């Protein structure tokens, strides 16, 4: 369904059609956010999770950096090529590799260390992978457990992490959707603004790797999230100073703080659960609350961009 929605968007020429298809695209990809940390928790121990979840999240910053270059080249050279508009070409160029990767992962990526489809480990290595995770995760065959589901909903820690997720997703959404707009509002051209989105994403990439390594080494998840959230908040404060480059530094700091904190939060949420159903529910709740308030970020920052 995700693949179908992506291709159908290419055929849309009116705003209402795009909004409808984007809605369904969001519905079908909603499980990816909590699903990836859940999947990684089958393979890695608690003191390894932050780095692994961050490795996944870090590629979104690389995609953001490359997206600026790709968008610049696409809008400069491919408008009306073969009868397609430049934004349609952007969907093709960025969407096709993702779709191919998704199809390949269905056949290549094993479900669990004990999975029969796991061909790239020897039997001894597979046994070691299973043994090292004993006591750290639940078994695949336990199925859905209503008691664990209720425990996850009743666990105050899940609601606290959901509240933190809310606070991180609001600035994350503004960063994702309004970064070129923020930069353009400083007086730069549209194309220059696209190129200037690259350094903030690269800085966020570095912040993710450093923060996650430190969080795993010290096992101080909360402290790292607190510090990184403070960095992001300070970045937003800099948006109101007169200096253009001061504002730009604020954008860089915001990206570093938000992107650095979110994967640590998801790893922390996974660490705090025992049992397959409870872990899946806790991750889903944390992600759902955060994503639900992402719309607030679009509205707040739409107004904010007019003040900068």
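All residue numbers here begin at 1 and follow the chain in the order shown.
Heads up, the Cβ atoms here are built off N, Cα and C, so glycines get one too.
Which of 159-179, 285-305 counts as transmembrane segment depends on TrEMBL, and there it is 159-179. Counting Cβ pairs closer than 8 Å and at least 6 residues apart in sequence, the transmembrane segment (23-44) and the transmembrane segment (191-211) reach fewer than three and form no contact.
Only pairs six or more apart in sequence are counted, and the transmembrane segment (248-270) with the transmembrane segment (87-109) gives fewer than three Cβ pairs under 8 Å, not enough to call it a contact. For the domain 'Major facilitator superfamily (MFS) profile' (1-308), the model gives a mean pLDDT of 82. Among the listed stretches 56-75, 87-109, 159-179, 223-242, the one sharing the most Cβ pairs under 8 Å with the transmembrane segment (191-211) is 56-75.
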